[in-house]
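Working notes, structure below.
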Amino acid sequence: MAIDRTLYREVPATGALWGAGLLLAAFLVAGLASFLYVEHHGHVVTGMTNQVVWGMPHVFAIFLIVAASGALNVASMASVFDKVAYKPLSRLSGILAISLLAGGLLVLVLDLGRPDRLLVQLTHFNFSSIFTWNILLYSGFIAVVAVYLWVQMDRTVHPKWTKPAGVLAFVWRLALTTGTGSIFGWLVARPGYDAAIMAPLFIAMSFALGLAVYVLVLQALCALSGRALGPERVSGMIRLLGLFVAAVLYFTAVQHLTNLYAMEHKGFERFILMDGGVYTTLFWGVQVLLGGLVPLAMIYAGKASRPVMPTLVSALVILGGLAQIYVIVIGGQVYPMELFPGYSVSSDFFDGAIAAYTPSLPEILLGLGGVAFALVATGVGAKVLRVLPSNLSDSNPVTKG
Amino acid sequence: MSCGAKKDVSRRDFLRSGAALATMQLAPGVTLMAFGGSEAQAAADAGKRWGLLIDASKCAPDCNACITACQDENGWKGSGNAETDVQWIRKVTLKDKSSGRETSLPVMCQHCESPPCVDVCPTGASFKRKDGIVLVDKHICIGCRYCMMACPFKARSFVHEHVTNQKTHAPRGIGTVESCTLCVHRVDEGRIPACVEACEATGHGAMVFGDLLDPESEISRRLAEYPSVALRPDLDLNPGVRYREI
Amino acid sequence: MRASLLIAGLIAMLASAVWAEGQGGLGPVIPEATGKAHPEGNDYMRRWHMSMMRHDRDVTMYEGKRDQNASLGGCFECHAAKDETGTPVTYADARHFCRSCHDFVAVRVDCFDCHRSTPEGVEEPPAHAALGGVLSPSLGADVGALVAYLGAWEVGQ
């Protein structure tokens, strides 16, 4: 074992890998069926309304896009911050980042009212829209990470190029997540948004969610293809994850404390933090407790070496992240906009009322279809490209360059 | 409406032939909008900014004439599901939290000078005409609904279902976003919006339509005469729709 | 590049052959119109109607000039194909003026997701609605026809 070198090899086509692929294919088919169903009948068959205009597909899409940027953490640790322990894990990080982003964009596009007009979007740009900038940031991200992967994988490219490519990708993904957070941060109309802190909050979320997804995907790929994965490598990443989870909690705390200080936002804060029903439960119970404090306690109680702990921590962080995005996206919309301060308002169009939203099955299946797409793409990437080292045991010495 | 097509054409031709002259010579001075007519007009004119003044004290709580008129004019009757049906114009009832006094008023697209919906639209489908009317170009609307997220007035609706029997002058369809057009098709013919006309017809006279840039227009004179407010003044969007006696 | 040029040329040849055939031959059966003929001529209209409508729709929508020549509403003043009862048919009906050609050249028309496909005043039945999108009601029939065609072709081989 001790004499093994890091050799990147395509993952073998084990029965378990095929099984996982089939399972994911079922989700892909379900997602496609959901898309066709909604496209045929219109959005009336979803839970989305004229009050809650963005629903479950957007929760999944934003999760995937944010996680995509974070999935590149491992590569950045290796190339930008020169942590050699992360070098063998770097290529998979790039593949996963591209796949997650593609999955997220797929969900976003298929939920459009007119998905057939994707070409219109690609030929009409309104540069005062952060959406337009995000389209450029997202496509650019895929291109930059592709170059970054090529620089790492092509033996004819001198290794000195890895760092510049890695730095470019690192800066790019910070811009990307800033853009994603600004979709909400720049919405002046709604009390739940309109906050500059959305951008750094989304960056912190991307670090945490992306790393958590990476850990689970790495574990799954190694288990399914029968490759060794040293627990020390994983627990190193989990300790880093602890830092990111703490950062998310910090930005969340600042976000809500700032809002609490402003009288005009008290109503919204009261809704999210105290009497928002499912949103309050999701915020405190799932986002803060299960997705934040519990993982932190598990990591810093020194239990990082227990076998299932990294899997559990990562799963909890992902669950908390989904809850957080749900509270931001849906919670921010169900709370009514204040058109007439000082008055209690009512109308036939739900003015002044908390809007109702129940995610429908097609929406959830479309979102899960996007997740399945990202995972299938990562799996196919690992199957046809040499991105995953054949031996990731702790005794395997780390290669240079 | 279609049986009068021939007549409409000739009338339009007439207006068109005199349009340049009319807008230049008659614009200052002729302000008949509130009484059922407006300046001869055959195209969007950058020298104008169309607006509405809504007097909440004259708006009867039980009256929906403006909404019905808008539905008839633009053909947006819903299918009975209030949550997904579109709503170009709605009546909002306000109750003062301290005094309990109730007011009723219509809210529609406020036709902002700096519309957030136009800023956020990724394709540029949301646009502002040079005379200040904010519209959706449904040919390039992809149905992303970001404008609905950005509008502070909840003025925009998404078409959740297939629609039939649209009006020729008000095309609208599934998967796109829509809102009050200030009856742009009527304005271009020198007429006033259907809601204003209907409000006049009920005798309430709570709505005045006209050119905000023309100091002699009815709307400008009234705005100069008594205090009025814009909704969400904190956002400084300078809406074309103003309210008084809220 | 060269291949695509070849294909484009081939299509153009076939198309011109089809047009040359006129009403009775392989070409589409175009419903009779009322009113005066277009001064530009039918060939011009066939080639340029979408550009004309596109141009005039933008002039109408952005500049508010509403007395345009090329408008969908204007088309249906003369080009409203009628059913047995004399009622103008909607785009849901294969006899609709626009469909007579567009079905033939397999070009999906987006217009009638939003625009009415009959003159103002005609009551359009709801069947008109679900036309857009991938799962159009005619999809089943199209697939059926394709299967039947392929089956017949195979038998013929």
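Cβ from N, Cα, C; glycine included.
Where the annotation comes from TrEMBL, it is an automatic prediction and has not been curated.
The model shown is predicted, which means the values in this text are computed figures rather than measured ones.
Per TrEMBL, the feature transmembrane segment maps to A:15-38 (among others).
Summarising the annotation, TrEMBL assigns transmembrane segment to A:58-80 (among others).
Annotation comment: TrEMBL describes A:92-110 (among others) as transmembrane segment. Distant neighbours of the transmembrane segment (A:92-110): 31, 35, 39, 57-58, 60-65, 67-69, 71-75, 118, 138, 141-142, 145-146, 148-149, 152, 169, 173, 210, 213-214, 217-218, 221, 366-367, 369-375, 377-378, 381-382, 385, 387-388; these residues of the same chain sit at least 6 beyond its ends, with a Cβ under 8 Å from one of its Cβ atoms.
What TrEMBL records for A:130-150 (among others) is transmembrane segment.
According to TrEMBL, the transmembrane segment annotation covers A:170-189 (among others).
As annotated by TrEMBL, transmembrane segment applies to A:201-224 (among others).
Sequence-remote contacts of a segment are chain residues at least 6 beyond its ends whose Cβ falls under 8 Å from one of its Cβ atoms, and for the transmembrane segment (A:236-257) they are 70, 73-74, 77, 85, 195, 197-198, 200-201, 204-205, 207-208, 211-212, 214-215, 269, 272-273, 287-288, 291-293, 295-296, 299-300, 304, 309-310, 313-314, 317, 324. The transmembrane segment annotation in TrEMBL covers A:236-257 (among others).
According to TrEMBL, the feature transmembrane segment maps to A:277-300 (among others).
Within its own chain, the transmembrane segment (A:312-335) is flanked in space by residues 51-55, 58-59, 62-63, 66-67, 184, 190-193, 205, 208-209, 211-213, 215-216, 238, 241, 245, 248, 252, 267-268, 271-272, 276, 279, 282-283, 286-288, 290-292, 294-295, 298-299, 354-357, which lie at least six positions past its ends and keep a Cβ under 8 Å from the stretch. Summarising the annotation, TrEMBL assigns transmembrane segment to A:312-335 (among others).
Annotation comment: TrEMBL describes A:364-385 (among others) as transmembrane segment. If one looks beyond the transmembrane segment (A:364-385) by at least 6 residues along the same chain, the residues whose Cβ comes under 8 Å of a Cβ in the stretch are 10-11, 13, 17, 20-21, 24-25, 27-28, 30-35, 38, 56-57, 59-61, 64, 68, 91-92, 95-96, 98-100, 102-104, 106-107, 110-111, 153, 217, 221, 225.
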Hey, would you say the transmembrane segment (A:170-189) packs against the transmembrane segment (A:58-80), going by three or more CB pairs under 8 A that are 6+ residues apart?
yes
